[in-house]
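Everything on this sheet refers to the single structure shown next.
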Amino acid sequence: MSSEEKYIMAIDQGTTSSRAIIFNKKGEKIASSQKEFPQIFPQAGWVEHNANQIWNSVQSVIAGAFIESSIKPGQIEAIGITNQRETTVVWDKKTGLPIYNAIVWQSRQTAPIADQLKQEGHTNMIHEKTGLVIDAYFSATKVRWILDHVPGAQERAEKGELLFGTIDTWLVWKLTDGLVHVTDYSNAARTMLYNIKELKWDDEILELLNIPKAMLPEVKSNSEVYGKTTPFHFYGGEVPISGMAGDQQAALFGQLAFEPGMVKNTYGTGSFIIMNTGEEMQLSQNNLLTTIGYGINGKVHYALEGSIFIAGSAIQWLRDGLRMIETSSESEGLAQSSTSDDEVYVVPAFTGLGAPYWDSNARGSVFGLTRGTSKEDFVKATLQSIAYQVRDVIDTMQVDSGIDIQQLRVDGGAAMNNLLMQFQADILGIDIARAKNLETTALGAAFLAGLSVGYWESMDELKELNATGQLFQATMNESRKEKLYKGWRKAVKATQVFAQED
């Protein structure tokens, strides 16, 4: 390797593992290193992480990527960070030690605080300012919980001795050895404390939750130099940290969804659908979240987001729970050999229903079984349930935004399933564009970092770098498509009726 060649490093800090990926100028992955870290479950429904273990895992993968590639720290032009969103850390400003475990986005331990806010009638005020629904999912209730449960924390926070941050903030603080306390628009927008219209921390919400402003990081754009790594923490390199975005927003950017009306879906454990709505903020009237997609070059692009709780994990359930398949990839072949007429519906509401239903009491159900139903039919119906849920969200997005969606850009593990992608195109009646490079989250962070230091000249230059790998076009006729979808809506309705209290 010539020492002249320069690269961008993306740090992708996820819910179960941390990764460091090195990209070249063509947006190709040169090296990557991954390390899992422990999940902590103090009680049912609670999920926590040790923030120091997260930091250790990040240091370890940075080293791993250097070792695998023989690239030196000095060859890294810039670092981009992308992270699991909403997960909350509160630490001591002097010692740098967290005062409690990080409370993870999925954790329900703060649900009573969220319920109280709803009962007190704050739903509309919080929705109008933050674009979010009141839920334990977002950081606000998590900060309040830590301040309530750690002795003396409230008083220390008021004195300015404690700092709060989502994972992006924590990593920048550690990489710069405590010199920089910042977050970006996309992460701030998920705290339920940030006014996304006025682009500032919201005094009314902070007062309501009694969260001292002194704890909060400064909010910056998604593409600018926030600070440099301390050589001690980056194996001798002083490298600008110059791009940052929450994981789903980074994927939106990595999918090059720069124009209003462009939509991406990441098929992970759950499924996250984000639509760029441009520079106008559009409050959802139908239970989608309004959030910030990204802010770059002085302009903020807003977005609508719908989350589906169960997508890829429905395939894992077929494998681990029902043992119908040995590997996830086997689901495609089995579904392909099903001869049924798609009359079986699986509603995988294992943890309730996400957008646009938000029904936490619903549980999974199956409809349309006959004596002739086979394992193949069941596997196919489970795959189709992912596509039906995506249509629920896409239809809602079209209503909220008034924009006709022409194409869905896809990435994530289950996007490799051709049968699912074809059925997705059919049930939506639009084209599905699968990215050539499915590492869109890390790539998005790398793009944001590289743009800000001139490694890439412009967003136009990026458009050449992640072309569509494969296009799936709708082939199903309209009447069949609508008949199938009507059956799905009936199945969901019946599932909700079954979950109602007697």
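Every residue, even glycine, has its Cβ placed from backbone N, Cα and C.
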Self-check item: Identity of the ADP-site residue among Thr266, Thr269, Thr468 (reference: Thr15, Arg19, Gly312, Gly413, Asn417, source: Swiss-Prot)
Solution: Thr269
Exercise. May I ask you to find which of Tyr137, Tyr185, Tyr194, Tyr302 Swiss-Prot records for the glycerol site already listed with Arg85, Glu86, Asp247, Gln248?
Key: Tyr137
Self-check item: Recorded ADP site residues Thr15, Arg19, Thr269, Gly312, Gly413, Asn417, farthest C-alpha pair in Å
Solution: 24
Quiz item: About how far apart, in whole Å, are the alpha carbons (Cα) of Arg85 (sn-glycerol 3-phosphate binding site) and Thr269 (ATP binding site)?
Solution: 15
Practice problem: Specify all same-chain residues, apart from the site residues Arg85, Glu86, Tyr137, Asp247, Gln248, whose Cβ lies within 8 angstroms of the center of the Cβ atoms of the glycerol site, ordered by sequence. | Solution: Gln84, Thr87, Trp105, Arg190, Gly246, Phe272
Quiz item: Widest Cα span across the glycerol binders Arg85, Glu86, Tyr137, Asp247, Gln248, in Å?
Solution: 15
Exercise. Using DSSP reduced to three states, classify Thr16 (ATP binding site) as helix, strand or coil.
Key: coil
